[in-house]
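What TrEMBL records for B:55-75, B:82-102, B:108-131, B:187-206, B:236-256, B:268-287, B:326-347 is transmembrane segment.
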Amino acid sequence: MDTVILLLCTGLGLGALYFLVASGLSLIFGLMDVLNFAHGALLSVGAYAAWWATAQAGMDFYAAVAFGTAVGTLAAVLLELALIRPLYSRPRDQILATVGVGLAVPALLMGVWGADARPFPQPSGLSGTVRVLGAVVPVNRFVLMAAALLVLLALRLFLARTRYGLIVRAGVEDRAMVTALGIDVRRAFTLVFAIGGAAAALGGALAGLYFGSVAPGQGTGLLIFAFVVVVMGGMGSVTGAAVASAGVGLVQQFANYYTAAGLGDLSVVVLLAVLLLVRPGGLTGRLA
Amino acid sequence: MTFLGHRATTARERRGWRDRRRWWPPALLAVLLLAPFSALPVPGLLSGPLGSPGSLQLLALCLLYGGLATGYDLLLGRTGLLSFGHALYFATGLYVTDLAMLEWRLPFAAAAAVGVGCALLLAVVLGAVGLRVSGIGFSMVTLAFAQAGSILVTRDPGGLTGGEEGRAVPADLLPDGVVGIQNTATLYWIALAYLVLTLAVVHWTVSSPIGRVWAGIRENERRVEVLGLRPYGFKLVAFVVAGGLAGAGGVVYLLLTGGATPQAASSDATLALLVMVILGGSGSRWGPLLGGVLYTWADHRLGDLANSGTVAGLPAVLRVPLSQPLFLLGTLFVAVVLLLPGGLAALPARVRARRSARGPRPAGLGTAPEGSAV
């Protein structure tokens, strides 16, 4: 029973991390049809910015997370303005450009701070464990879940209640129609990139907490699982991404523990292929 | 297939090709064939003289990746299929050949045949399944399959693949002529033969009737369907031919490096091929080859250059980015995608266009012709 609860919490914590990456990825693909291969790099940027702020600049943990998120948001906006926007008429080149960024940014991080993982300083309030129904669970699992829930709530409120949320929702449904109505949908592109970058960078900062360290390849490693979540949840659907990320995190943890190690990762990846083949509609944008 | 004839080159273009291209590929091939006999020092470009084993090893890798990129372009540039899983077939050729020798004690030739056969079979099966979806869905299915293969190889099922370490090739089962440092020249010629084979296969298939349909699918798949052809079968043929070529490349790689390591199966390996093709020029005859050679050379030599005195003396702002080959290549890749659609192979045509247009700012240079873009 203890093991099940621990696996449950760890799986949900991992799922929360996936959600932070996948929510932005899903919105970006839903609105712009760009599969952002640089999203893992944005996560790494957030992680390293937060690590730098707390370990090198001596900031307090919460300020460091805010700093990391801000840097990631800035990086995402820069990426959209400098690379995605000029390639607007060449959709495939947009994807290729993000692939290039996804290669270059981790390499740069490796060049500056080395290839080895750097230990992430754990704040005293979040480093301990709590007992849940007899199981000893690290606190950071719950921090991640809380962050993911907050982001989910904020995104839903933004999409449902604000004017820009309305434009984003309409753009996911039918971009041409929104443009025809005289609304500059490109501003929404930058906004969606900013939101996605912020969520991914927050995920990166918290991934430092979850894994206990930051490494240059961390973001890229998480990206493939975020793709699974995006396809499972339906492109452009934030709630779908939330449900799917919890599912993927749990399946991975339980399968890795109860069967051979690595089988969980394998099953999730195979799940992606099966889903795409059985239900190609998972790729069509819809917002729920 | 005359209905797709408008994609074929015009007579004037073709004459121009003949005039320009007839002499230099054979000349280049002759130079490459004779390279092992030369002791020409190439300071900066290579660490030793041209014919030294170290240089030949690097050159062989360059030629191998030139061939691999050319094979990959059969999908990307010729048929318009963006596959993120090409490394899977390369790794299949590599690992199956290695394991057939290690586990079944097969002689090299038989093991290589098994390896390439497995790569072909896998390409048939996974291609048949993956091509049921199109566009970005296909890209992600191939990515998922390749990732599954990569995880499998890294996890070392039953101690077969050797996990992170990989498995070294059993030297006693290899032909004597390809073992040892004194035989680097033979390996170099094998890599060169692989490159020539790939170029020949790609050239032959692309100029065949099937190749015309590939070009049609690349330009507009819907139109090919309207013309009464089913793109599925044609795309599958492209996928299988490319997969088989990648498998053969895996066998050559096994000979060159003397073992199979999981890096060959990683998604980074496919991305590297993608970068090579785009860098050189997707859809052109020599572009992917150029990109493959350049990428491999840069990946191996930039690291050495970074440790040299000139770079080490620079301030950190310049030194750190320069010491990371992947950063430079990634940045170069983005720059090519952004500013130079058509890659390096399209550069001479652009320069000519700029020269012939006498205006200070010739129109139409900023945007590439649709066909040459990826």
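Numbering starts at 1 and runs along the chain as it is shown here.
Glycine is no exception: its Cβ is also placed from the backbone N, Cα and C atoms.
Just so you know, TrEMBL annotations never went through curation; they're auto-generated.
Through the fold, the transmembrane segment (B:82-102) approaches residues 68, 72, 75-76, 108, 110-112, 114-116, 118-119, 122-123, 126, 136, 138-147, 149-150, 153, 160-161, 167, 169-170, 173, 239, 242-244, 246-251, 253-254, 259-260, 264-267, 269-271, 273-274 of its own chain, all at least 6 residues removed from its boundaries and within a Cβ separation under 8 Å. Counting Cβ pairs under 8 Å to the transmembrane segment (B:187-206), the stretch among B:55-75, B:108-131, B:236-256 with the most such contacts is B:55-75. Between the transmembrane segment (B:236-256) and the transmembrane segment (B:108-131), the number of CB pairs under 8 angstroms, six or more residues apart, is three or more, so the stretches are in contact.
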